[in-house]
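Here's the structure, in structure tokens; my notes come after.
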Amino acid sequence: ATRPKGAVQPKYEDAMQYEFKVNGEPVVLHLEKNKGLFSKDYSEIHYSPDGREITTYPPVEDHCYYHGRIENDADSTASISACNGLKGYFKLQRETYFIEPLKLPDSEAHAVFKYENVEKEDEAPKMCGVTQNWKSYEPIKKASQLAFTAEQQRYDPYKYIEFFVVVDQGTVTKNNGDLDKIKARMYELANIVNEIFRYLYMHVALVGLEIWSNGDKITVKPDVDYTLNSFAEWRKTDLLTRKKHDNAQLLTAIDFNGPTIGYAYIGSMCHPKRSVGIVQDYSPINLVVAVIMAHEMGHNLGIHHDTGSCSCGDYPCIMGPTISNEPSKFFSNCSYIQCWDFIMNHNPECIINEPLGTDIISPPVCGNELLEVGEECDCGTPENCQNECCDAATCKLKSGSQCGHGDCCEQCKFSKSGTECRASMSECDPAEHCTGQSSECPADVFHKNGQPCLDNYGYCYNGNCPIMYHQCYALFGADVYEAEDSCFKDNQKGNYYGYCRKENGKKIPCAPEDVKCGRLYCKDNSPGQNNPCKMFYSNDDEHKGMVLPGTKCADGKVCSNGHCVDVATAY
């Protein structure tokens with residue numbers, strides 16, 4: 001859909017302030033546009049009545065979604081849509097208030113009311129379906145085992161989650177088929193979720209929205225196990241092939257069994273199937289639903305439900321097993337530790353890259369610390385900005401500054417040509433250096449795939465030198481080595497663990513010449529162990545423990561799609 005010639009999109013200021021009264025006392029609300037809400041290549045998908053898929057790329061340079069605070073209240077927060085009047089919530093003196101326009105003709109009057117005065121459809125406690133004994137996708141270490149080094153604290157940047165939301169047909173029906181209303185609500189929810197995760201030093205950017213306006217693409221059932229697995233499989237085999245993203249959630253109008261209103265896999269962020277959650281759209285209050293969305297995404301980041309020893313001050317915490325009567329947007333100390341433990345130990349690589357401004361579909365907001373369309377920099381709110389190069393109020397560079405962001409920016413100037421900006425990760429990955437003409441580090445370049453490495457023990461593959469010894473060490477630790485060739489014959493069985501690849505869900509046994517491109521076998525010589533054919537297998541992730549692509553399987557040969565092929569023709 002294109003805008004008619006001459007039509008002008010409404011202009012929403014980067015920063016605004018409003019004055020009104022709460023409990024008879026004047027308050028000043030300061031708002032800053034959330035410029036990291038949408039990516040530049042944000043796309044929306046819905047379906048025509050005849051079933052055709054319709055993809056649009058709405059303009060996102062200007063939008064009306066803001067974060068903010070109340071003047072003279074350091075603990076205050078706000079998440080507001082200013083599209084048609086002010087709609088959203090703010091916290092003032094530890095109380096949650098909602099604001100929305102009164103539906104009166106020719107009037108700009110608004111209603112302000114406390115959360116406790118909102119009519120609630122059902123007072124029964126609502127809860128997440130994940131139980132404490134529910135098996136993690138990856139084990140989470142005890143909090144006492146986590147320790148950040150000074151180097152890690154210095155160089156660990158913000159993480160960026162490219163978020164995709166899918167809305168089921170039941171939600172479309174509940175909203176009388178009004179797609180614009182649904183989109184506006186999804187933007188408001190994403191704005192709140194992004195604000196919540198900033199407390200964990202993460203940014204959540206909406207990169208896509210799909211509305212099942214002509215029928216669900218999976219069978220959505222009250223059984224959360226069934227629906228979560230179905231959505232995860234659809235995401236892996238369908239959605240990911242069409243749109244790059246890190247994490248997806250299904251928002252559904254169906255009433256899940258029992259008091260459950262959300263469900264997700266634990267420790268699965270970046271997994272092609274399991275980086276998902278499902279959320280019941282059970283409340284008309286955006287804050288309530290956004291907290292559930294943040295809660296389920298927290299599980300994907302390795303965070304378990306809070307126990308009695310966890311705290312986030314005097315507020316209820318995001319990861320409590322039940323949804324509080326007055327939900328807050330704070331993660332507990334336990335959540336922070338578990339999240340960063342998961343990131344540091346399991347390295348979910350998809351959340352390292354900052355999304356292109358063109359990837360974020362929600363409208364840009366100045367002050368959300370995401371660099372988006374129209375911004376030269378974004379260092380957060382004026383109160384929190386610690387970037388001397390950036391004007392936080394406008395998201396423009398200060399006079400005399402060449403840059404305010406990037407690995408090749410030092411003291412607001414481009415780094416000198418030749419300055420190393422990305423270290424070598426292996427002999428197959430040379431270091432990159434600044435050009436002196438840009439604040440960004442040049443693209444990561446690798447040596448050619450198939451080039452010999454590690455004294456001919458391996459061949460370069462996508463910047464790494466994969467060899468079986470290193471893979472055994474990663475799985476089992478020290479004193480573990482590549483097993484004898486006889487162990488690999490088990491891969492000819494085609495059973496639950498011994499195979500070379502999967503085709504249409506079926507495990508294909510290895511041909512004799514391909515056995516070293518299936519399950520990895522290691523010889524364990526560690527104290528108390530004497531296992532000549534040790535292997536790793538997990539129902540949660542069947543692929544883990546397989547020989548990695550590009551690994552040397554014979555002289556002059558490497559693994560490719562479960563075959564041991566000539567390195568000269570593999571790439």
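For all residues, glycine too, the Cβ spot is worked out from N, Cα and C.
Residues or ranges marked as pyrrolidone carboxylic acid (Glu) in Swiss-Prot (evidence: similarity to another entry): GLU151.
Taken from Swiss-Prot, the feature domain 'Peptidase M12B' covers 159-355, and the record attributes it to sequence analysis.
Secondary structure at ASN353 (Ca(2+) 1 binding site), taken from DSSP and collapsed to helix, strand or coil, is coil. Under 8 Å, Cβ to Cβ, and six or more positions away along its own chain, ASN353 (Ca(2+) 1 binding site) finds TYR160. Sequence annotations record features per position, and here Swiss-Prot assigns Ca(2+) 1 binding site to GLU162, ASP246, CYS350, ASN353.
For HIS295, HIS299, HIS305, the entry in Swiss-Prot reads Zn(2+) binding site. Over all protein chains present, the Cβ of HIS295 (Zn(2+) binding site) has 29 other Cβ atoms lying within 10 Å.
Using a 10 Å Cβ-Cβ cutoff, GLU296 (active site) registers 24 neighbours. The active site annotation in Swiss-Prot covers GLU296 and is backed by sequence analysis.
Among the features that Swiss-Prot reports, domain 'Disintegrin' is placed at 363-449, with the record citing sequence analysis. The average per-residue pLDDT of the prediction over the domain 'Disintegrin' (363-449) is 88, rounded to a whole number.
Sequence annotations record features per position, and here Swiss-Prot assigns Ca(2+) 2 binding site to VAL365, ASN368, LEU370, GLU372, GLU375, ASP378. DSSP assigns GLU375 (Ca(2+) 2 binding site) to coil in the three-state reduction, outside any helix or strand.
Summarising the annotation, Swiss-Prot assigns Ca(2+) 3 binding site to ASP429, PRO430, GLU432, ASP444, VAL445 and lists similarity to another entry as the type of evidence. According to its DSSP assignment, GLU432 (Ca(2+) 3 binding site) is in a strand. In sequence order, GLU420, CYS421, ARG422, CYS441, PRO442, ALA443, ASP444, VAL445 are the residues near GLU432 (Ca(2+) 3 binding site), counting only same-chain partners six or more apart with C-beta under 8 A.
Secondary structure from DSSP puts HIS295 (Zn(2+) binding site) in a helix.
The binding-site residues CYS350, VAL365, VAL445 differ in how many other CB atoms lie within 10 Å of their CB, and the one with the most is VAL365. For ASP378 (Ca(2+) 2 binding site), the nearest neighbour among the binding-site residues GLU162, HIS299, PRO430, judged by Cα separation, is GLU162. When the binding-site residues GLU162, GLU372 are compared by the number of other C-beta atoms lying within 10 angstroms of their own C-beta, GLU162 comes out lowest. Each of TYR160, ILE161, LYS244, HIS245, ASN247, CYS270, ILE351, ILE352, PRO355 belongs to the same chain as GLU162, ASP246, CYS350, ASN353, is absent from that list, and has a C-beta within 8 angstroms of the C-beta centroid marking the Ca(2+) 1 site. DSSP gives LEU370 (Ca(2+) 2 binding site) a coil state; it is part of no helix or strand. A count of other CB atoms within 10 A of each Cβ picks out HIS299 as the most crowded of the binding-site residues HIS299, HIS305.
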